[in-house]
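**Student:** Structure provided below as C-alpha cells; questions to follow.
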2 protein chains.
Amino acid sequence: MSFLNIWKRYLRNMTHVRLIVSYYIFAVTVSVLLLSLPIAHKPGIDPSFIDTLFTAVSAVSVTGLTVVSTADTFSTQGIFILAFVLQFGGIGVMTLGTFVWLIVGKKIGLKERSLIMLDQNQLSLSGAVQLIKQIIILILLIEFIGGLVLGTYFLTYFETWQEAYLNGFFLSISATTNGGFDLTGASMIPYANDYFIQFIVILLIALGAIGFPVLIELKKFLASERGNYRFSLFAKLTTLTFLALIVLGTIFIAIFENNLFYKGKEWHQVFFYSLFQSATTRSGGLATMDISLLSDPTLLLLCALMFIGASPSSVGGGIRTTTFALNLLFVYHFAKGNKTIKIFKREIHEDDIRKSVAVTITAFLICFISVLTLSITENFSLIEILFEVCSAFGTTGLSMGITPELSTIGKSLIIALMFIGRIGVFFLLLLIGSKEKEANYHYPKERVIIG
Amino acid sequence: MSFLNIWKRYLRNMTHVRLIVSYYIFAVTVSVLLLSLPIAHKPGIDPSFIDTLFTAVSAVSVTGLTVVSTADTFSTQGIFILAFVLQFGGIGVMTLGTFVWLIVGKKIGLKERSLIMLDQNQLSLSGAVQLIKQIIILILLIEFIGGLVLGTYFLTYFETWQEAYLNGFFLSISATTNGGFDLTGASMIPYANDYFIQFIVILLIALGAIGFPVLIELKKFLASERGNYRFSLFAKLTTLTFLALIVLGTIFIAIFENNLFYKGKEWHQVFFYSLFQSATTRSGGLATMDISLLSDPTLLLLCALMFIGASPSSVGGGIRTTTFALNLLFVYHFAKGNKTIKIFKREIHEDDIRKSVAVTITAFLICFISVLTLSITENFSLIEILFEVCSAFGTTGLSMGITPELSTIGKSLIIALMFIGRIGVFFLLLLIGSKEKEANYHYPKERVIIG
Ligand SMILES: [K+]
Ligand SMILES: [K+]
C-alpha cells in the first residue's frame, strides 16, 4: 500500500471541514512557535503570547490586522518567517482544500466545486496533484514577477538593493496573498502619490482575491483557440461581481469624500485614493491613507464591501462575492414571483441559493453578536468596532487604529473572526452541524404567516 | 347588483398590495388634512408641512416617532383627532387587509393567511364581514377596558376627572394600537415608579402586538371544551418567539446596564425598567426612561429587537417574529444538513422559508442603505442613526432624541421607513415586483461555488 493510499484512507475518515480546520490549527501552532523564536524579534522586544497568537492567526488567515508594528517588532529573520506564514495561509486553503475535495469527494455538496474547476470531468489522483502544482506554480510566479518589478522599482526608494528587494518581495507576497502586512509601519501611505506601485499592488491583490478557479479558467481560455472556450457560470458571476464591487466602491468613495477628505485634491488623487481603497476591501488590507480620516458614510461603505469580501476559493474572506450576488438575484426574482433564477443563459441551482442565504444570515448574526460583545468589552465608538469586526470577518485587515488597544477578550474575538472569515461561514456551518442521520419520518406541512 | 358585489369586483381588479398601499396613502392624506386644521393646534402654533406629514405617517403607521411635542402642539381636539388616526392605523391593516384577502383570495401566497385564521375552512363573504366585526369589537373592547382602568387610576394623578380620563383613554389607545404617542411630553417617564400603570400598559402593548390571528385562536380556545382546541403552528411559533424575545430582552438589558444605568437601583426597579423597555420594542414605543442614557450594548440589543418587531397581522412592524424564528430554524437545520424543518410536530413549508429569508435580506439592505444615507445627510453618531432607523422600520417609535432635529431629507426617509415597516417588506416586494408572466423556457442548471 503506497503512502498516498494510506493518506487517502486517513483523509476519508475525517470530514473535509475538520481536516481543513485541523490544517489551520496546525499552521497557527507552527507559526506561533516560529514567531516566538528569539531570532524572530528585534533586540529587546518580546511580544506577549496573545500578541504572538494574534499575529500568527492574522498571518495564517492572511488578514493583516496587527497588534504590534511589524517593522518595529520583527527582525529580518522574523520578516522572512512572516512571509513564509503568509504563503502557507494564502496558498493553504486552495491547495490543501482542493486536494482533499478532489481525492475524497464525499457527497456533502462540495463535489461540485472540483467539477466546476475541471470542466465536468472526473479527476484522477495524478490530475489532482497536477492541479495543486499548477496553483502553487501560478501563485509563486505571480509573486515572483510582482516582487521583481516592485523590488527593481524600489531601488529608487531605498539605499541598498537588499532593502529594495526585501521590501519589493515582501510587498508582492503581502499583496498577492492579500496578507496586508507592511514593513513601512504605515501601510501604503508612503506610496500615496506613486501610482505605479499602487497599480501593481491592485493587480496583485485582484489576482489573489479573484479566486483560483477563475485564474485556471482564464489560463485555459488563453491557451484555447479563440472563442473555443466557454467560461463557467461561476467564473462569469464571480468576476462580474468582483469588478462591479470595485467600480461601485470607487465611485461612491469619490462621492462620499468629495469636499471632505478630497477637499483641494486633484482628480487623479481622488481617483487613485478611491480606487485603491475600494480594491483593497476585496481583502487586500493595504491602504494608501489613514482610514480613520474617512467620514462615516465611506466607513460604512467599506464595512459592507469588507463583509462581502473576496471570491470563493481565493485568498480572501467575507461571505464571498458569489454569495452576495446570489442573494441579490434571489431577492430580485422572489419579488418578481419567478420560480427559477436565470442568468448568463443558465439556471441557478436551488441548493446554491439556500447555501447563500444561510451563509449570509449566519454571517450577519456572527458580526452582530461580535459588535455587541466588543461594545461591552471595549471602549471605542460603534463605527470603530463595526469596522474592526467587518475587517476581521472579511480577512481584510484594514483598521481605524484600535487593534493594538483591544483588550484580551477583544483580541480573542477578533482572532476567532479572522479564523471564521478565512474558513468561511459555509464550512463553519458544516463544522458545527452534527452528522446525525436525518429522521426518516414526516409530519404534515403547515403554513405560517410571514409578512 | 348589490353594492358589495360592485366593491368585490372593484377589489378583484386591483392587486391586494396596491389596495392596501392605497388605503394607507388615503389615510395619510386625510390625517394630514385633519391635523392641519387650525382647531387641531394650540393657539399660536402652526407646524410645517413636513412636520404635519411626519406626524400623520407616524400616527397612521402607529410608530410614535414625533418631530413635535404632542402635548405642546396639539389642542384637545387635535389629541382626539390623533387618537382617531391611531385607531385607523392600528386597526387598518388587519380589518382592510383581512377583508381583502378573504374576499379576493388570489393565488399570490396570501390565501393561506386567511386559511390559517379560519381553521382551513373556506369563508363566505358574510363570514369575512363577521370576522372584521370581531376584530374591531375585540380591539375596541381591549382599549375601552384599558382606558377605564387607567383613567380611574389616573384620578389620583390629575386634578380633574376630564384630564384623568383623557389621559387614561389616550394612553390605552396609544398602548393597544402600539401608537407610542404620549401626552406627558416625556413618554412614560413620569410613571417610572408606578408598576401598576406599567403592568397594564405592557399588557395592552402585548395584546396589540401579538397578532389578531393569535387573539382569535385564543378566543376559540377559551370558548372550546378543555383540550378540544389545537392551536395552529403559526400561533405556537409566533407566541413562543414573542415571549422569548421579551424574556431574553429583559434579562440582557438587566445584565448590560448592571453597574451603569442600574447602579444603586433596587431589584424591582431593575426588573421593571428592563421588562418595560424590552416589551416596548415589540413595537409599543413608550418608554419609562430616557433611552439616550442607555449604554451602547443595550442600544444595539434594542435595535435588534425593534428590527425583529411584532407578530404578523398585528399593529406592529419590523420583519415580524415568525420571520425571525424561521430564519433561525432555517440556519439551524441547514447546518444540520436536514432537508425538512420539523417543529411542534409539523413541517415548515419550503415557500415560507423562502419568504422569510427574502424579507430578512431585503430588510437588511433597506436599513443599511437608510443608515448610510442618514450618515450623509445628518450630523449624528452612528448609534443614534441606527437606533432611529430600526425604530422607524419596526414602527416602534423609540428614539435617542434626534427625531425633531432631523433634516427634511432625514424626515422624509424616516417617513418612508415607517411606511415600509407598517405594510411589511413582504408586501413591499410584491408591490415593486412587476406582474409579468414568467418565461416558460428553461436553461440548463449550473452549480456555483458559495463558501
Ligand atoms: K487581508
Ligand atoms: K409604535
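Every residue, even glycine, has its Cβ placed from backbone N, Cα and C.
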**Student:** For the transmembrane segment entry in TrEMBL, name the matching range from B:260-278, B:317-335.
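**Tutor:** Of B:260-278, B:317-335, TrEMBL gives transmembrane segment for B:317-335.
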**Student:** For which of the residue intervals B:52-71, B:292-311 does TrEMBL record transmembrane segment?
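**Tutor:** Feature transmembrane segment in TrEMBL: residues B:52-71.
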**Student:** Relative to the transmembrane segment (B:195-216), which of B:52-71, B:135-158, B:164-183, B:236-256, B:356-376 accounts for the most Cβ pairs at distances under 8 Å?
**Tutor:** B:135-158
**Student:** Which sequence-distant residues neighbour the transmembrane segment (B:317-335)? Criterion: at least 6 residues beyond either end, Cβ under 8 Å.
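**Tutor:** Cβ under 8 Å, 6 or more out: 61, 63, 234, 237-238, 240-242, 245, 283, 306-311, 341, 343, 348, 352-353, 355-357, 359-360, 363, 393-396, 418, 421-422, 424-425.
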**Student:** Would you mind listing the long-range same-chain contacts of the transmembrane segment (B:135-158), meaning Cβ under 8 Å and 6+ residues beyond its ends?
**Tutor:** 90-91, 94-95, 98, 164-165, 167-169, 171-173, 175-177, 196-197, 200-201, 203-204, 207-208, 212, 215-216, 219
**Student:** When you scan the chain for residues with a C-beta under 8 Å from the transmembrane segment (B:164-183), skipping those not six or more beyond its ends, what do you find?
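**Tutor:** Sequence-remote neighbours of the transmembrane segment (B:164-183) are 58-59, 62-66, 70-71, 76, 79, 82-83, 86-87, 89-91, 139, 142-144, 146-155, 157-158, 197, 200-201, 204-205, 207-209, 280, 282-286, 310, 314-316, 395-398.
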